[in-house]
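Worksheet: the structure to be examined is printed underneath.
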Amino acid sequence: MILRVEGLKKVYPDGTVGIKEINTSIRRGELISVIGPSGAGKSTFLRSINRLVEPTSGAIFVEGENICNARGKKLRQMRRKIGMVFQHYNLIKRSSVLQNVLHGRLGYMSTIKGGLGRFHESDTKRALSILKRVGLEEQALKRADELSGGQQQRVGIARAIAQNPTLILADEPIASLDPTASENVLHYMKTICQEEGITTVVNLHQVEFAKKFADRMIGIKAGKIVFDGTPRELTDYTVDQLYQ
């Protein structure tokens, strides 16, 4: 198992319960879609995995190591292997597409070299290769804010791939996109992650897209897992119960 979550709980300082208790395991190479209503705890769960949200209790084992116990250098090392794709892209808009993808390599560089943008030639070649795979090679030198929303999200995927991660977390990556752009983004994400053997966990509101692209689906409601199975096993009744 590349990821194992045991007794994960999150209570915010104001008393809001983000996660009641989650236990699950994820195999290497799987594409998992996490579905559920707004406020169910999907984003809290996803962001707990790389400690963007600090769990209240529980354990999260990434490739056998508990990231909840990691501090300082060890935490940075573990985060290098966990790529993140954000709902609102999180790109540096005034920088080029290529520079944004190269930022996926910053975790492997010294602070000085990273700050000066002194990337190794092999990093640049790798970034251009990834851009080609997401259909954006010809946009490499454009500013990120000159691209459409769907294209910007593909840059976000390319940046995550450039980290050479073993795990990618994608938090509502198509929430702001039209259906065609959404399908393109999920297609590129699934294809490249399959080719590279990267495990992917994606939060989605759109159940039909989740069923089309996921190997396995996890339904979260009120901070707990209420469904865990294949897309074929997810019935209309289960969806209705999940979103009631």
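The first residue you see is number 1, and the count goes up from there.
A Cβ is built for glycine as well, from the same backbone N, Cα and C atoms used for every other residue.
Keep in mind it's a predicted model, so treat the numbers as computed, not measured.
For 3-242, the entry in Swiss-Prot reads domain 'ABC transporter', with the evidence type sequence analysis. The feature ATP binding site is assigned by Swiss-Prot to Gly36, Pro37, Ser38, Gly39, Ala40, Gly41, Lys42, Ser43, with sequence analysis given as support.
Same-chain residues with CB within 8 A of the center of the Gly36, Pro37, Ser38, Gly39, Ala40, Gly41, Lys42, Ser43 CB atoms, the ATP site residues themselves not counted, are Ile220, Lys221. Neighbour counts were taken as the number of other C-beta atoms within 10 angstroms of each residue's C-beta; across the binding-site residues Ser38, Ser43, the minimum falls on Ser38. Within the same chain, the residues at least 6 positions away from Gly41 (ATP binding site) whose Cβ sits under 8 Å from its Cβ are Lys10, Gly18, Ile19, Lys20, Ile22, Ile220, Ala222, Gly223, Lys224, listed in sequence order.
All chains included, 25 other C-beta atoms sit within 10 angstroms of the C-beta of Gly36 (ATP binding site). For Ala40 (ATP binding site), the same-chain residues that are 6 or more apart in sequence and have a Cβ closer than 8 Å to its Cβ are Ile220, Lys221, Ala222, Gly223.
Over the domain 'ABC transporter' (3-242), the average per-residue pLDDT in this prediction is 94. Figure note: comparing Cβ neighbours within 10 Å for the binding-site residues Pro37, Gly39, Lys42, the maximum is reached by Lys42.
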